[in-house]
Every structure is written in structure tokens, then in C-alpha cells.
């Protein structure tokens, strides 16, 4: 606030700094309120004079030194005064500054804040000043002096004078925070004084000087209310006003009382902040003054630590003491005692040089009594000239100790020389020194941090080569020596000021001189024994004397601690003064800032940048000349070396020496590229390249993996090739440090062949530039060739090889020759070269019959390496062949997507002619899985299967190359490749992926599994939309629904688009639970509970026999018993049997896992793969129809193309690998293509109905103005990426109607033609179930609507073209779209935005935050699923009003108005619902299952009996490898996909009791053993036997005042592979089950408690999201509950113990769980295991237990 005021009055550049100090804390920018009238007058006078003499400092100039820190100013220029309220702050006509504002005297001054008391606070610099505080305070305020410009009168004239002065009074500022009240009340009191109301201000005793009048009281009350809003008043002020809202006087009295009590502390802080010392007064007096202030503040609770105190002291040092700011600035642990020792040392040096008399010392008697303790010290520190302190010296090496990098500081010298004895002396304490009476004075200036130093003595150092001394007045003949380099024992530089002579006068009257160096930066004065030996003086440590070689004793040696010392009494003082010796070096080192200090201060910038900044004045306060730059050039900062470490620089042309040193093919570079993902199993995933150093000749070899034997085979091949073809021997191979090169196998091979491996250094890819650049070039060429040709990605290595052949023949600009010429090879004959992807016709030398066509369309790849032929790709046969029997198609563009095969689809004669090929393609190419593996005589690509993604359009994902039949792609499920996640789960072995699961025929020895569920990118994918994140829900239905309308969703398909459950993962489950929860009584549990918040009650009821549930958390406002009964009253918990059943349930739960191996597999499955209700695939397989499968097989067999038929090979399938590879579940294709519905449909009646539907669809498209009918565009004129292929799909709905839909091929849509950020949302299934549950409880009417051709109401922004419908016969023309056509990527998002905008703007709805497609207003709730709308309202007329509004814009059909009071049947998004308003609701799928299950060809009721449970406990899947024929394997996988797809769809709709078994079997889709198939059949059989079961809901009691949302949680510990645990949750709203989830824990839990904690933590986020939805849809209060059968989990939730957990993952979840439970009004209760219905989600259960837990809610 104050900083803003200052900026608004920037024209005032000077003023007094003020501060306000409350009890125990320091505030900024205000002074303590001086309540003394006399003091106020004096301060205002001084302030007026000071302000009249101030001058403005230019902003660009350096900040001047604080005048209070310098020598006294002349009398004519008094220093600035700091009164409590400066003159410019008074409210006069000439000065408009409001009272209470503060200004600083210098731009560099900073306010003193409480943060400066922190030991982590560092002031900006030595010159930064604190505000100047008033020097005194007095009695309470009264009228100011006349000089202030305002004359106050007594009470008799107050009213009359108020009128004349009000016009000059400026009101106080507004109070904006309770923390600002102490400062604000001062300005308010000042406002009253300026308003002639100073007499009514209370004094110290709380009474005003005069009686306040009623008008004054009214004025006081009104102004206080105006300028101090009630919301910003402190609590104690509000308490006073709550008693009497007019008692402003009491507030003022209490405020003044607080201020008065703080004045002494404020004065101490002000004094401490403005300390000044330049040596003019004794150092002891200065020390006493400072220590008294610190002691007084410490006693009052304001703790000034050593660091802050030292900073404040150093700020006030000037003159000779100023350099202590810099030498001491880096000492983090410096104490006040140490700093004063330095000050004493300088002071005594000054006194010794100026007065030539002994140093100033205090009397010994005073020293003993002058003991003070400082803050933050562990024991008392004696601050005295002769401190009485015990010796605690430590052994140290006698080396120079650099104080600039340590905590030691120098002590002063004692120059008194007296006679002493030469007896050997051993001192245990420095105070026991006895060298005669004179020697007692040598114990001076003990340094607090150098307990092992003997003051007044020189330390004898045998390791020092030079003598160093700190005292300047002992040096004779001093001279500057900046070139001397001295280091301490730690190799740190010691700055040297000067060099001179040290003269000794020993007791035999002999004089000796040695060289000495002067520096203040050492801890001891060191006397070098080496230099003494040079003048014939040695130290005898047996007699402890210094003596000459002739035995003459010169001086005694004193042993103190571990060191030996000699007294300074033998040193002769010099005549040079201290200032002179300090200036010998012209202050180049000691008085200048050392460069390392500046380097660190300025963020480790380099010297050049710092010098340039100082020259240009971008850094102020000091200049370039103030820095010692002598060490800048050679200075090496270790922090910079670590933090700015870079790689070494590579010299350009450094490889020339290798080219000159080696012959061709002697030095090779090699590197591996890969892997390339999403490829068929037979396509290579890597390639390895070799480059010769001299000739630059390149080789490339394909690799399927990076195993040692694969790499070794390649090395063997190329070495043999070079040896035989070029008669050369490879000497050196350079490679990186990848494991494929550094393994022992390859190393031994190279060693055996005499080849030297040359490895790059770590993380130095530039050193491997030759191989790296080649790979980059080849990849660039590969991408370009594939883009230009439109060939599928699995031919990527053919493009690599083509590029290698060409580039080996291209000349290098440097050498003017090609690599082939350097190698002595012939050049490339371009007449034999074809463009990559050139269309050709290959002769079929073995046709099926004599009348069969002899030509097969193909695409040229590259010249053959093994013959004179060409490698040609045949898409119709899914193979590459090496042949010379081909003809180039003249005039044909070399792009696959340019071929128009649509005409073939509708020409019956042509179709009949190529019927065998159509069958072949239909069964083998268009289907999802890679069915065929056709061989040829080609070496490495003969077995490449056609990727399900066909040759593509420019950057498209897939397109049929022949299209002789309409593509079978079900674009509703299409997803772009960029959205496909092919990464394995975390716990999956990274070496196992979709691309290497099934080996090719040549790699059959490696157990792998075929990539059955291929997408357009060659792999499987899952949708990354979490179930428990409705706020970010992005259901794929809307985006993929473009391919078909609502009618197809309501067909018999149960794909992803119907269920809205692509985001619901199915995790592996199974096994048994191994919980070992200790038996703890309820009373013991209660004792462990600590009351953490008001919402947790630590005293649960002891008895709860009704449900045996122990309450854990209840609000204090509701009784525990009522809350418990309220939450569990309507839950469908099982009733206990009359007699306790066998302990099977509990004992089963306690059983340990049967198989403890890491790869164990129970019914819970393997891995963390998520199974979904659908897969968004590029193409639809004809295998969905059993008839089509048989026809396709017959066609294949009757063709009898022996040269093309793949051999039937056995596949070895391993359970672990198969389970890890599971990504999703394949849906059943229920739609028909054009040729199936019309062209080849033999059912005449059905054909006619489809034709009728066809024309109806076309008419609707024309009616909706879907495309521009005025103009048709030529295909060649349009950018290919804006052209979208189209197709017709047909379907028969459940009600018997036939539907046709014309859709665009969005699966091959270019990314540039749509906004990838747009989302097409649909209602979440939980939102629908929640809305249905609330409708039942509140007697809502449910109305079902359908909007015809919904997508066509949304305009399209992009420029897109499609092919016209086939009946128009314009296959070479295009039409431009105007509407969001079905199948386009953006259609779903465009429709969502369109309908959302209309509902909000025209219907008055609003979307519920976090729940897309749920709209509401005060009467109606709408759930939107693309073009389906479900309306809920208590008033049917409200629904009708919405319908009327919708019909104005859209063709809206009322499927079911829901007005009947009897039972109404709905078919809502696949759910068959029976609803009788106010009574019940039943949700099932009996009709749908009755129709769909028989079509699965599963033998139903083989033994004529019904199953009672979907699975049996204790049954574990056999883990033996599965050996099966490839065709049989694919059939079984396809069958598993259909069966599990249907089961998953039903389970996530309403059969939550089956989720565990569904998830388990979903993990084994790629492991279709007999056992797995039998379990799947058993699940389908159980679904068939219980197809009439329904999810039953009953209306909630009308008396219930709250909505109750409950989650029941359970976990099965460690029953999954890799010791993962299975967790399950069931969610209930008002006793009705609305959802469930079963999944595997993402973390490996080490105990039952961890597993339960994980389960609970997974349930809470969705519970909170559902709570928000319920509160938005229904305004009744909501109670959230969570039930678990783990007492230990409950204990952790309630505990306040925050000690470290066993591991950080578990600890994080547990701490977060505590916060969520305590912060979300969540009630947690214990539930018995036998009543925990979530148990069915975590493990297989016995029949009796399964029925007991499910018969209450589904029957």
C-alpha cells in the first residue's frame, strides 16, 4: 500500500524513514508513535529544517555514502533529522501529502523489515542503509508546536478553530488490511491532531486532556467508520465494537498503550540499525553499547541473531574499519565476538602507530566481570582482552590458515618485550603462562574461534616456506610485491599486501633479520623454521629453545596445545605507520573487491561481461577500478566448472589423419538405428550401417532385433564381404558404447579377428559423426521416398536400401568422385533404375487357370542385390518378389493413392472377372490381423506381410491400394495414428512389444506372439482417457461416430461408440487375498484414534449389532449413531445367514497366493494391460462373419498358388508375453459394405430394402446441403491431402429397419485438415447412471429424444473434398463439403460445439462443470450422447418446452415422452430400462443378449444345466507355452476378441459383478489355450443363463433429507504377477449401485494395508467428482461415505503420526488420503469382509459367497 503511495508521489525524493515496532516484531515504513508533545515539537522543527536542506540525487548517479557513517558534517550542514512526522507529511495547503507517509533519504535505502532478522537475509550491499528512526520518544501526544504550521487550541476554542483548519486537513488513508491497523491508527491520530482534536486523544492513563463533545464524538465515529472498514479491523477492535459500536476512544486508548510499550524496543532497533563507528571512541565502549542493546532485545523476546547483528555493525563501520565489510561478508557463521576482536585489533594498531605506546587494554579485573552471552551461541563467550576461558584446542597442521575461507580471524599483537627465563615450558592453558611477571601481558586478544592460538606469540611452522605476520608495525623496509603467490595448506591463494624484514632482538643482545610477508588473511602469525635455519637459528624441541648452531640459547619455546610458539617480545617494532604499510600495495588487493567475490555476487558471470557492465554504469555503487582484476584471467571457479560443464570441442578436419593413415576398407564406422514401431512382425525394426573412412562407401543391413547373435551375424557377413570382394582386412571399427557393441560376444569376435574396437566417449555423439550423419541422411531419404510414393511404412527399409544404392554412386563435392569409384566399382546404370514406388505390372508365372489374368499390379522398390532383377512389392499378395518379368505402367503416377479402384466396386462384370482376387483381398488384406506370410526367393523381405495400413494418401494413415471392393473400414472406430499408444505397461518387459511378439518364419526360435490386433500403424492401441477423470473425459464416440449415425449405435453392435466406455480399463485380477490384519478391539482402535479435525470423531459407538460397522469419522453436529445408520440404511448389503456359514469366505481371503513366482497367473491374469470394450481400428475384418471366413479360406485353398502360399508353421505362445501384449478388445463388425449389402446380396428382399435406405440417405444429404451441388472439381486440381475417400455402410437395426450411411474415411484424413485440439464429448456413463438414480428418487419424468442427421447441422470450416456417391458415376470428380460429414475427425467436435451453444443460448441451459454433455437449468437436466438426448424433469411441461425449442432448429424425434404413470420401457444407449415413476427402475439387456449371444457360435448349455457363478476359486491358468498352428491361433484370438468384447460391454453397462472375471480373461486374449477358451465359454454361458438379471433400484425414502453417496472398497493383496494387488470399488447413490471398477494396483504393495490404502485412494477422486455432480443436479445436502474392511487402513487415516513411512509411494498416498478424508467431509466406516460387496471385484468367490454378496442389488 505504501509503496503504491510512494510511486504516486514520486516528485518527493527525500524524507524521513519511519518504522513501527509492535511487541516482538518489526514493521516497515512507520515510526513508533511519539505521544509526547514536547518531543513532537522538537522533531517537527528538526524535520522542517532537514527537508529544506535536502537535495535530489540524480537517478543515474552512484548512491552517496550515508552521512551518518562518515565523519561529522560541518555545522552549517546539519545531518538529516528523523522526526516522527516530517514537515512534508503535515496536511497543509502547500503540502498535499497525507499524514503517515514515509520517504527515504537515499534511493538505495531499504526499509527494515522483520525478514531482515532472518539468518537467511543478505542486504544488497555494504552501503545499503536502514531507515533513520527517531532518537527519543516521550509522553502522550498533545498539540504540536507553532512551527508545525498548525495551531491547536484548548477545548473552548476547538470548535471555532476547526472550521478554519479543516480546509487544510487531508483525510487519512483507507485501512486495507488488519495487519496495517497499527500504522493506520497513527495516521488517524495525526489526522485528529491536524483537525484541532488533539485534546481528545487519550493519554497513557487512557483519559483525554479535555472532555469530548457530542459533535466531536459523532465526528470521531463517522471518520473511523469511513476510513476503517469493518472487514479490515483486527479482532480485538471488533471485540470492542461488538460491545459498544461507538467506543472509538477505547480503541485509541488501547492503541496508544500498545505503542507506548513498544517505544523502548523501537529505540533499540533504531539505534542498532544506525550504528556508526570510525575509531574515534574506544572499541570497548562501542562493544559495550552494542552488546547492551542486543542483550536488552533478547530479553524482550526480539532475537537478533549473530548474522544480522554482524551485518548491522558492519554497515556502520567507516574509515580503517570499512574493509571488514568485505573480508567478513562471506563468513556465514561469524559471531559478534569475532567481529569485535577484529575491531579491537584495528583500533589497537591505530593507537600503537599514532601514540607509540602500549595497546589499549582493559583491566584484568574488568575483563573477568565483563562476560556476555550472544544469541545463537551454544555456550557463553567471554568478550574481553584477557578472556577467562578453558582450552579446547584441537590438533591442527601447522600451516598458514586462510581466514578468507574459514571462520578464524586474526588477533592483535602484543609488542611488549621483557626478559624471561629459558626453561622449557609446557602450558596446559594459555592463562598458565609463566615467563616472568612481564609475560602475563602476552595473553591478550584471545580469538573466540581460535582456541588453539597463543596470543602475543609466533607459531613455529616447520612446513611453512615463508614467514607471514598480520601486524603491520613489526615490518621493516616494507615494499609492494604483488607478484608473490602464497597458498595455504588447502591450496587456496593468500593475498599478500607487502614484503619486508622481520627483525629479532634476542636475549643475548644479538639481532637477526628474516624476510616476512604481511597479510591480514591468516589465523596465526607464522614463523618459518626454514627461514630461521637460513640465518643459523634452529629450534630444539627437547630443551624447548631457539639456539644457534654453537648452542647459544636465543629464546624459549612455549608449547601450547599441539603447537610450539615463540614470544613476539623479541620482535623490534618498525617506524612505519599502519596507514603507510596498508597502502604499500596501494590498496590493490586488501582495499579492492577481490574478483572471486564479485564473480560470485554477480551470478558467476565472466570477467569480460562484468568489466563491460561496470564501464557502462549498468552496475552502480562501485567502479571498475574498485575491483582487483589481477586474478581474473587465471581464476578458475569450481562451481562454474561443475555447473557450466560442456563437451570438448571437435576440431574441424580432424578425421583427415585417419584417411591418410589407413587404406580403403581398413577403418569402418558403424551405428544402429531403431527401433521403428508399429510394423508387422516380418518387417525389420532396425538397420545397421557401415561406412568406410577412406572411400565413404556405405552398407546397410536390416535387423529385427539388437541381440548379440544378430549383430554378430552382420559383422561376420560384412567382414567376409570386404575380405573376398576387396581383398582388404578391416583393422579398426569405430562405434558407440551401446550394449550391442560392448557385449562380450562381439568383443571376443573382434579380438579373434585382430580388429581394434574404437569406442566413443560417454555422451559424445559428435565424435561418432560419420555414422550418425549417414543414418540421418538415410532416414531423411526414407521419409521422402515413402511420402512421394505413398507406400506403406513397413517398406521403410526398402527405401533405405534404395537410398544407399543411389548415394554410393553420387560424387562427393570434396573428392569429386563417388564412393563406388573410390572403391573401384562401376557406376550406376540409371537405365536400370526405376523411381521408388514406380507402378509396374508383374507377370504371374503360375496362374490359377488359363483364363486367369496374368498380370499383378506392383510397385518397384530397388535393384536386387542377389540378381539382375528388381525388388517389386505386390500389395495384393502382401509380398515382395525379385523378378525381371515386369512392365512399367506408362503415364501412371507413382502414387498408390492416385489409383481409382472405386469404379471396380460397382462394375459387376469386372468384379466377376476378379472375384478370386476380391476374395483373396477381402480375407487377407482388409482384415485387421496380419494373416498371411507369403514367401518368395527374395532374401530378407520375402516374408513381409502387408501392414493393415494400406498405401496411403500423401500423409494419410491408410488407404486400400486396389479398392476393388469398398473398404471395410468401420470409421466409427477409427483413430489417428498419433493417438495410438503402443507402449507397454510399466511392469511389462521392455523387450516384449507388439512388433516382436510373434517371430517370422526365419526367427521362429524366439518365442513371440503375433501382433493380432493391428491398427493403422501396425500395432494395438488403447484410449488414454481415465475412467476416474470425468472433468477431462474425452470419449471417442463423438469423434469416431462420424462414420455412422445413432441408428447404427442402436443396432446390435456393442462397440466403443455405443458404450461410452473406452475410458474404462479392465485390469488383470485374480488370486486370493493374504490379509494379516491384527485383531484389534473396537476399544483399542478408539484409543489409537486422535481427533484430527471437527469432522472426525474419535469415539465411535461401542455397539452396532445391526450391521457390525465401526464408524470412523462423523461430524460433531450429528450423532455418530444417526450418521452411521443414515449412510448404511439403504445399502444393498447381504443379510447374515441364520447360522454362521463355513469360514470359507474369510479363510479364503486369508489364503496366501498359491503361486509365488513373479510370473504367477491366477484367474486374475497377467500384466497391467487394459482391456476396453472396443478398439479403434483402421479396417474391419471379414472374420466377424463366420460365412465370410469359410469363403475366404476356400478361395485361398482353391487358388492353389503354390508359389505364393505360406507354409503352415507352428507358433510358440508364452503366457507372460501374450498377457503383456494385450492392449484392447476387438469389437464385432455389424455393418456391411456396399458390395455385401447390394452388389452381391443374394437376398432380394433385403437388397431392395438396402437400396431404399441408400436413396433415403442420399436424399437426406442433399436436403441438409451437405456439399456444394453447383460445382464438381477435377481430382487432379485439388491438393491430395484435402481429398477424403468416402464409402457406404449398411446396417439392420434391432427394430428391423434397414439403414444406410454415407461416410467419409476419417481414418486417412490428413492432420492439417482438422484441429487436433478439438474434443468431441459424450455423456459419461456414471453421469447417466447418476441422473437416472436421481430421477427415480425425485419422481422425474424421463424423455428420450433423437436428432436426425445431427452432424450435418454443424458447418465445417476447413476446405475438404470427397468423392461423390457411387450411383452418380463420377469417380474422377470431387465435391466440396459444406457440413460436418460423418466420419470426419472434426465432425464430432463441431456438432458438440453447435448443440452446446444452442442449449446454452436458446434453451437456457448450462453445462455442469467437469461433466461434459450434462446440461441443467432450474427445472430440466439433459444428458447428451451425440444425437441422443435424455431429459429429466419433475414437470413434464418443462421437457416439452425444451423439445419445442429444439424443433425450431433441429429435426427432433420423440422416442419416448415418458408421460405415463405406468411402467415405461426405454432403450437408452444399449440399456433396456423399465421405469415406473415413484416406485422402481430396472436396468438390463435381456433382449440384446438373447439376440447376440447365439451368434457367437458358443456351445450353450452343453450339459443341460445352468451355471451359478461365472468362475471358480482356486483355478489357475496353466503357464506352459502354447504351441499352435498360426491360422488356428489367429482364429482363436479373433474368437476371444469377440467374446470378451461382448462381455466387457455388458459388464461396464450394468453387470458389475462380472468385472473381475472379464478383466481376468481380457489379459489372456493373445493366449487362447484350451483352458482360457473354456473359462471364456463358461463366462458367456453364465451371462446367457443370467441374461434376464437386472440391476434393481427402488425409490429412496421420501423422508430422507440428504443424498448419500457411498464407495465400498476392497483389495486382494499380492495375487497378481509381479506381486501386484487387485483393487475394486463399487459406488452407490442413495443405496443404488451406479458403477464399479476392478483394476490392478499400479504400485507393488508390500502388505495388505498398503493394498487397501491404494484401493481407498483410487475411490476418493471419483467419489468427489460424483459428489459435485449430485450437488449440481440436486440441491439437497449430500453425505459422502467410504466403507472398507481394513481396520489398519482406518487407523492410518485417523492417525496424526507423521513419521516417515516405509516407502515414499505408500507414504504419499497415505498422507494424501488423510488430507482428502479430513478436507472433504468424508465419513469412513469399517465393514465386515463377509458383507463387503466389493469383494466380488477383487477375487473369484465360491458360489454361495458370490450369491450372498450380489443377490441384493442384481437379480
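Every residue gets a Cβ built from N, Cα and C, even glycine.
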Among 1337, 1346, 1518, 1520, which residue does Swiss-Prot annotate as binding Mg(2+) 2 together with 1427, 1428?
1346
Identify the motif 'Bipartite nuclear localization signal' range according to Swiss-Prot, selecting from 898-932, 1143-1177, 1178-1212.
1178-1212
Annotated companion of 1652, 1685 at the Mg(2+) 3 site, Swiss-Prot, chosen from 1610, 1715:
1610
Count, for each of the recorded positions 461, 736, 1685, the other C-beta atoms lying within 10 angstroms of its own C-beta, and report the residue with the smallest count.
736
What does DSSP assign residue 1652 (Mg(2+) 3 binding site), in three states?
helix
Could you tell me the mean pLDDT the prediction assigns to the region 'RNA-binding' (299-401)?
58
For residue 1427 (Mg(2+) 2 binding site), just count the other CB atoms lying within 10 A of its CB, please.
24
Cα-Cα, whole number of Å: residue 1652 (Mg(2+) 3 binding site) versus residue 1346 (Mg(2+) 2 binding site)?
44
Pick the one among the binding-site residues 671, 1428, 1610, 1652 whose Cβ has the fewest other Cβ atoms within 10 Å in this structure.
1428
Which one is it, among the binding-site residues 1427, 1428, 1610, that lies nearest to residue 671 (Mg(2+) 1 binding site) by Cα separation?
1610
Could you state the CA-to-CA distance between residue 1428 (Mg(2+) 2 binding site) and residue 1610 (Mg(2+) 3 binding site) to the nearest Å?
36
If you measure from the Cα of residue 736 (Mg(2+) 1 binding site), which of the recorded positions 461, 1346, 1427, 1610, 1685 is the nearest?
1610
